[in-house]
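J.: Sharing a structure below in structure tokens format, with a few things to ask.
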Amino acid sequence: MKRRHFLATTGLTLGLALTTSAAAWAENPVLKIGFVGVTSGPAAAWGISNQRSMETRAAWLNELGGVTIGDTTYDVEIVPFDDQKDPKRAIAGMEKMAQDGVHYVVGPNVDDGAAAVRPVAEQNGIMYFPYAFPKELYTPPASNAILGMVANYQSGPAIYKHLMDNSGVKKVAFVAANESDPLSQRDGGVEAAKALGLEVVSDSVTYQVDTTDFTPVLLPVIQSAPDLLVLSGVSPANAPQLIRSARELGYTGLISTETAQDATVLTEGAGELANGFISVGGASTPELASDAMREFVDRYTKMFGEYNDESNTKVYALEYILETLKANPAAIDDVEAFKSTMDTFEAPNPFMVGDAKLTYVGSTSFGQKRQVSVPLVVNEFRDGKFETLFVAQVD
Amino acid sequence: MEQILANGLYLGAQYALIALGLTLIFSLMNVLNFAHGQMYVFGGFVTYTVVAQFGLPFIVGLLASAAVLAVMGGLIEKFLFRPVIRRSKREESTMLLAAGIAFFLDAVILLLFGEKQRGVPKIVNGVLNWDMRIIMPYDRILIGVLAITLIASFILFMQYSRTGRAMRALAQDRMAAQLMGVDVDRYSMIGFALGAMLAGLVGGLLVTITGINLGMGGPTSVKAFLMIMIGGAGVISGAIAGGFILGMMESVGLTLLAAYGDITYLVIFATLMVFLAIRPQGLMGKPWG
């Protein structure tokens, strides 16, 4: 009798617990936001910082009760897909998003992937936020892609101009990996440098991404005696080795890149040889960061063990999606409504101090607002950490 | 010119060491170990963890890489390759298994060590500058010398030790070696462990120069296959020759062809295609020894 009573009580308790948790689980409908990008291989750091930023922010918002869009409060769910930096996989990822009914996707991280997914996104009513720079993705008639960061043709000229004015740079050399992104960034950089009146002394040297010794690669570049060596589109994995080889070959001039880098990786790979290295930073500095940004960094670090400076920029895409949907709830399954809202959209920027706003920009570069507005932060590496060289706004 | 030769020798020494492990495994078991590059990466991360995370001396990290990879190689042979080779006569079974292990190790590396590039501080500071004719950092010279020492030790081990002789016999004729009393299973396992250990050692050595990241495994395997195809698959002297030839071709190409863009590997691959059409068994072919 006692045993039967015990079983009945246990069963009832279990049933109640399951019902309660199911009710709690089903409390909010789910808003799925996709991520298609590279989370494995040499460029994994770029995509992983994206995905983790989105997951951190989504978990935080869900903990606060969800996101209210119109009359409905949603829990945000991130649907990730690793495209392995392969355009074919990126297409498969975007098709998966379409099948899952996802209308807003962050990524892909590289040029060819972003170009490859364009037809899928346009045919299936998906807005996507690539971290890729080809202008044709953002200029009419294209209208579904929104650049998630500052492009190299926006940051490059700003950096070169700063170095011309402040460091007397006259001669510049470019070196790039033999891949589509770095090569197109190099070409854009060369064009910008020439437009500013700089003498380009070397722009034909390239390297394989799996190079293990950069000495022979850099030897002819260093022999051209530039004042500034630009590592076009350099990945965080290759940057320390290139810097180290250049310094070991006796190069004493400036070194810069228009991609974001990681201070720990530079410290471990190049140590003090990386001092003075100039790169584009995540869109935040200690002076710009709000309490919300600091909390984001804390939460990210707790969730994943180590923060990535790039996430200062990559936290923004999800925020832009959610805030634009809040501004026009009809856009939740209608990307045309989203597009029409973008022109006038404005919301408080929670990650910056003062009265900074989230707005879409890009009219100057693309002829339409197809870029998120984030500050252009240019950093200088010094003794294991980044110091802000200057901050600017694009467009 | 001196600089080109010095760069080629340095590259060749590290390449030869990478190719040695791969060719050893191939000669003993007729297995194309597609996971060789991942083992190299794993070795690099072990050294990184021991040196950068635990703050222990570099030599401890190097020994840890060798030990961990030797154990890993032994276990992979005993529990994965041996049963598959026993049950399947089709060579593609072991190739698929090797490819599967490569993907598995990639996932394990991502979970254990993360996605970031890692490196350890330079073990020797300073740069050798010989009248601007040869510029070579001392740590590269040290790593090059260590690599050549390891290659020489490996050759001596294979030539004069009982284990080395048994493995050479196994490589020349598996059946005959078995009939002569060589414990085939045991020496296959030792050979695989040794091959994996060499991969781990190179990873540990190069983490001080190039750093290490998750994506280095695949390209490293491709280069290692390239070297053993040049030298002759399964031939130790061929792997060494292949390593030095590739290193020298890379160094010469990167310097002399720089003005024409990144065509060095295009030229290397085109040359290799012509070479293999004329001499498909590579420079030294089989049998090795």
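Note: Cβ is positioned from N, Cα and C throughout, glycine not excepted.
Whatever TrEMBL says is automated annotation, not expert-curated.
For reference, TrEMBL lists these features for the protein:
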{"type": "TRANSMEM", "residues": "B:12-32", "note": "transmembrane segment"}
{"type": "TRANSMEM", "residues": "B:93-114", "note": "transmembrane segment"}
{"type": "TRANSMEM", "residues": "B:134-158", "note": "transmembrane segment"}
{"type": "TRANSMEM", "residues": "B:189-212", "note": "transmembrane segment"}
{"type": "TRANSMEM", "residues": "B:224-247", "note": "transmembrane segment"}
{"type": "TRANSMEM", "residues": "B:254-278", "note": "transmembrane segment"}
J.: Should anything in the same chain at least six residues away from the transmembrane segment (B:134-158) have a Cβ under 8 Å from its Cβ atoms, list it; otherwise answer none.
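T.: Residues 2-3, 6, 9-10, 13-14, 16-17, 20, 122-128, 164-165, 167-168, 198, 201-202, 205-206, 208-209, 236, 240 contact the transmembrane segment (B:134-158) from elsewhere in the chain.
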J.: How about long-range neighbours of the transmembrane segment (B:189-212): same chain, 6 or more residues beyond its ends, C-beta under 8 Å?
T.: 14, 17-18, 20-22, 24-25, 28-29, 33, 36-37, 39-48, 51, 58, 61-62, 64-74, 76-78, 81-82, 117-123, 139-140, 143, 146-147, 150, 154, 163, 167, 170
J.: Near the transmembrane segment (B:254-278), which residues from the same chain, at least 6 beyond its ends, have a CB less than 8 A from one of its CBs?
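T.: Contacts with the transmembrane segment (B:254-278): 3-4, 7, 226, 229-230, 246.
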